[in-house]
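Record features, source TrEMBL:
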{"type": "BINDING", "residues": "A:78, A:83, A:119, A:123", "note": "[2Fe-2S] cluster binding site"}
């Protein structure tokens, strides 16, 4: 496993960085830590002499940034054109109801996190959902519910064992 | 200067100015929302579009420079329809609760709709319902009413240099919020309320305490005491339809008695007291090698700003409490003892031009034995509301004098309401205290006026004093960075959080332009030049307070009641 870069090292890789380095820095931090924590945004603010409100504003403008750590099961629902036509909206509704979280959020037990993506390049299989790298093709709300329940069961047996 | 044509008439234009500026000078009105006087145009709202012959499409007049030979039309059907559509769209997701709205009667959005003939809803837009942020003791944010003009963001960033708020998210989901969308109370917000003054709707308003004050007034067991700041008497008249700069000092005092306050005191009295304490503190620092330059501490937004952004300068901030808190402290000590009232039964209300004062009175340092110095702070706007609710019309009342022992004031104390006033009052007394002679002419012109930064080198006895006056925290930041970089020629610095000082405070009547603020300032200068008592050290009641109670400036009692200290504050910067 490659070693995870700390925010400090990332900032050191950008000496004399100005505000034009903000987005690359945030991307690297998200890559290293999986999300942008308050701590890292504050550190970036201090290094770039930018208010954290501005950094938060920039980061929330883009869909790629998340502000909560990913869950054990990271659910990505495709909302690209083909998936939309094939009913991915209903699939997403189902997931938000079942997990009680909105896109970008993580469940309190840190088991699930949800992300909406624009296209995963698998339009022939629409609507597509990806959980931890595994693709699920032509999902219906029913099918998706089963998949999530399976993840939950796996998680529970894992805890009990 | 060159000529351009606007709506068929020839008007003059200056090179380098915007179309909007030329039109305005010629008396041609073009509606704007996001436009802010004195700042670079942002051009986001598109309300100000006009037609220019030979140019494709509509041109935003606020951000487009005039050019020779331009033929402009501001009221073609195309322009008027576009404006109406913009307003229609802004209203499409706006709450319809105007009757209950804090800005009912002075809403810019309602005025735009009326002025441009938008009288029915064309679109029903989806609403982003977001909870109100009531976490701050000073400012309430209601995102539902926000039209995303961005003026508060620019005020907070470009004028105040605080940047507590910014645009969050994108497109139809965008809203204004703090870092991590937390409450304003844990953000870097310094409570100045300048955002409220520029907000076109009620998305930003002050945290009101009118009902609490009414409850206290109705309680027969409470002695309700009120103090009013120097800058309130010259602005409250505007709320009742009078021209900016009308002074209601005596009328307001009389009206406050009609409302039911048991005592009416003048915060300018403790402004005089502040001069005695702060002046002595400065002399002490100079003679005994204390931290210099010394900064004033009257402006609570500024104090919080130092705690957050420049904690290394905290030893340089005067330990004096602000005049409001000094008054609160002596009301609940000296006055309570004298009148034999349990301080717990006194409700101390303060009328301020300021929203940050609401935060200040709740600071844990500001009280003794778990009794707060000041209980409730009302802004000038809330005072007008209080008068209206109780049916008291200050305009129709004969003026009355405030109560003893904290009613007498010098006009130097009154000057605290304008940027430069504290410094002017301090120098008048410093000259006397150090040389034993009064100044020939009390007026110090170099410290007056609306400029954000004023400086003066003055000889006080043998001492050459470098004095600086800044208003707005953007200006304060500039000066502090100069001092950080090694500037050493300044000894005493007055900082006011709001541009121009308290007369332009975040609690003042909404809708004042630059000329209105200048008129308020001129009113204070007029009071000063008309007054018999123009120096703080000659205020007899201040002298009596020292003789009967406090002892001497910087004495033991003063330290206990009138001084405090500030600590570094951890917030999300």
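Using the three backbone atoms N, Cα and C, a Cβ is placed for every residue, glycine included.
This view paints the features noted in TrEMBL onto the structure.
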residue: A:78; record: [2Fe-2S] cluster binding site; Cβ neighbours (10 Å): 28
residue: A:83; record: [2Fe-2S] cluster binding site; Cβ neighbours (10 Å): 26
residue: A:119; record: [2Fe-2S] cluster binding site; Cβ neighbours (10 Å): 14
residue: A:123; record: [2Fe-2S] cluster binding site; Cβ neighbours (10 Å): 16
*Residues flanking the [2Fe-2S] cluster site, with Cβ no more than 8 Å from the Cβ centroid of A:78, A:83, A:119, A:123 and excluding those residues themselves*: A:79, A:80, A:81, A:82, A:84, A:88, A:117, A:118, A:120, A:121, A:122, A:126, A:127, A:128
